[in-house]
Amino acid sequence: MDKKNQTKVTEFYFSDFPQLEDGGLLLFILLLCVYLFIVVGNAVIFLAVQLDVRLHNPMYTFISIFSFLEICYTTVTIPQMLYNLVSKEKTISFIGCLLQMYFFHSFGITEGLVLTIMAIDRYVAICNPLRYAIIITPKLCTQLSTGSFTLGFLMLLPEIVWMSTLPFCGPNQIHQLFCDLEPVLLLACTDTSMILVEDVIHAISILSCVSIISLSYLRIITVVLKIPSGESRQKAFSTCTAHITIFVLFFGSVALMYLRFSVTFQPLLEKVIALMFAVLAPFFNPIIYSLRNKDMKDAIKKMFGSQKILTVSGS
């Protein structure tokens, strides 16, 4: 194409959102309720861990960090989706799109790293309990948490910087619910063979986390099955059930979204997978951790005043 005839794209248009009168309002109300539940539910878990001294241990610290990340992760995309459901424009600026991709994937990568750390934490706690306090120290927890955020926010930065230099001259229609790497790269007016390289990089990072987590839980299951006491075995399994469920939800949707390379799905199925990845997995996080964990339920009850937050002796 003649460069003189190219028009630089300054915004992208989300073409697959319905108009307000065509069901957009109903979807807006439904998505708003889901978003509020995600924010409130994960905020309750985060605050419950901070306020209850019984939960000041590595496992619950990582759970609270994960809940905080879920709030940030969904806030990057869902408010824009809500806007697109009630607005006639349904657009996002070029810079806004790049920022959405960067923060969405950075928070997502950080979540994957935190889930990996949580699996290692449970592995040490169950497979090497006598040395747990020596290995998983508060200092190590701080270092692992800081490292997860640092790596998570650095990993995608070169790719976003590279994308910001690409020419986008039209069309500008994004056939997805939010700005994502491949749908945006397909709109570039240049060679997009780098998409394959991007797919390989993502696949390696995803499979690395999945491998570490899977091996950790397989080892945990092997050790737990050798415990002679049925009650102890049940307690050990119960501490990992919530983690495994979140792991399957998160990485299952990630795999469907980013481990398919050139495989394409029907447009409707594409949207369903995107919703699983961006909305449904964070939606179930507070449900799983609050309903399946007695200590968490007690902490939440205390926070809402059904019990005293602290017992002051001698007063």
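Cβ atoms here come from the backbone N, Cα and C positions, even for glycine.
What TrEMBL records for 25-48, 60-82, 102-120, 132-157, 200-225, 237-260, 272-291 is transmembrane segment. According to TrEMBL, the domain 'G-protein coupled receptors family 1 profile' annotation covers 41-289.
By the Cβ criterion (distance under 8 Å, sequence gap of 6 or more), the transmembrane segment (237-260) is not counted as touching the transmembrane segment (25-48), fewer than 3 such pairs being found. Across the candidate stretches 60-82, 200-225, 272-291, the maximum count of CB pairs under 8 A to the transmembrane segment (132-157) is reached by 60-82. Distant neighbours of the transmembrane segment (102-120): 59, 62-63, 65-66, 69-70, 72-73, 76-77, 144-145, 147-149, 151-153, 155-157, 160, 178-181, 205-206, 209, 212-213, 216-217, 243, 246-247, 250-251, 254, 278; these residues of the same chain sit at least 6 beyond its ends, with a Cβ under 8 Å from one of its Cβ atoms. Note on the transmembrane segment (272-291): residues 31, 34-35, 37-38, 41-42, 44-45, 63, 66-67, 70, 73-74, 77-78, 104, 176-178, 180, 242, 245-246, 249-250, 252-254, 256-257, 265, 297, 300 of its chain, located 6 or more positions outside it, place their CB under 8 angstroms from a CB of the stretch.
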